[in-house]
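Undergrad: Before we start, here is the structure in question, set down as structure tokens.
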Amino acid sequence: MLGVIVAVWLSERRWRARGGQRGTIIDIAVPAVIFGLIGGRLYHVITDWQTYFGSRAIKEPIQALFIWEGGLGIWGAIALGGVGVWWAARRRGLSMTALADTIAPGIAFAQAIGRWGNWFNQELYGSPTTLPWGLEIDVDHGGEPGVLYHPTFLYESLWDVALGFVLIFLGRRLALHHGRLFALYVAGYTLGRFWIEGLRIDPVGGVDHAVTLLGLRLNQWTSIVLFVGALVYFWATRNKTGEEIVVPPSADPDPAHSTGQADPGPDEPSDTPEKGAAEEPGESGADPAGSGTDTKTDTGAETAADTGPETKAGATDDTPAAPASPAGDNTGDTGGEARDDDGERAEEPGAEPDAEPVTKEKNSR
């Protein structure tokens, strides 16, 4: 757990240095750790299946699920943990390679811390040695009295610490992107794991002995394959360029600019009543009274604003037209009689004789 905390802390700082958002690594670490624990346990059970299954099994099959008893394969943890990172990165719209390069040094430091669990459990030690830093193993854990063994956990821990610092240096000096720094991590780790694995005497793949092929242990063959694959990837991507997404694209609009919430712009109508009250009657082109009627009155009489061409032809000055004669139609008579009664439109003796026929024609419309 301490290794996970250190890895997340360092990776978070590196991610923010690349322009990423705060908390991204913490969110991605949750599925990555869960997937990694499952993958690590699966790899251990598959490679050491005779420990839990078969006639020579020294543990019950149900104990294959007891992860707290120890037994995690680093290759399974990295493989399935990578699936968790890929899934989280895909959901956020981030570049998987950018995340891999960011967390590579942190993984190395986490492994360095995690290896000390082998010392507490007195497991995965190496062959006997006479070196002064040899490790004494209890008889209950397979050791012999007075015999010292290679502390392979210490070798790998120191190797991983050195690898982590080298990755940080190369990442800054060479600006390695698009997964190339992670490829160097894989190559560097497998290089050290190959010779450290050769010192171990724990029975990987068997009950009382390790399964070997051409004199090499199973994990050594795995290291060879991954080492070659990492170098091939590093070479194949040497000229790869392009932008890596470190900030997820925003898929949700700003709530302040969503429908029904944004303030109206200068060209948009306002819902306030003041606009209708302040509007000039002549500017809108509508009836000032809001009635929507024609410019003529209900009686058919012409309004004072009428400046039609026929009126101009019948009168050369501003003198009002003569009222309609009683011989006109009903509409014209009504309008004429109303004006005579009010006394507002008195007939002028000097009006031109052709004004009356024109007015009659207009009132008869």
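Positions of Cβ are set from backbone N, Cα and C atoms, glycine also.
Just so you know, TrEMBL annotations never went through curation; they're auto-generated.
Pasting the feature list from TrEMBL:
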COMPBIAS  292-332  compositional bias 'Low complexity'
COMPBIAS  339-355  compositional bias 'Acidic residues'
REGION    245-365  region 'Disordered'
TRANSMEM  24-46  transmembrane segment
TRANSMEM  66-89  transmembrane segment
TRANSMEM  96-114  transmembrane segment
TRANSMEM  153-170  transmembrane segment
TRANSMEM  182-198  transmembrane segment
TRANSMEM  218-236  transmembrane segment
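What's the neighbourhood like for each of these?
TA: Tertiary neighbourhood of the transmembrane segment (96-114): same-chain residues 2-4, 6-11, 14-15, 18, 20, 25, 28, 74, 78, 82, 85-86, 89-90, 156-158, 160-161, 163-165, 167-168, 171, 176-182, 184-185, 188-189, 244-246, selected by CB-CB distance under 8 Å and a gap of 6+ residues from either end.
Among residues of the same chain six or more beyond the transmembrane segment (153-170), those with a C-beta under 8 A of the stretch's C-beta atoms are 104-106, 108-109, 111-113, 115-116, 118-119, 124-126, 133, 135, 176, 181, 184-185, 188-189, 192-193, 196, 199.
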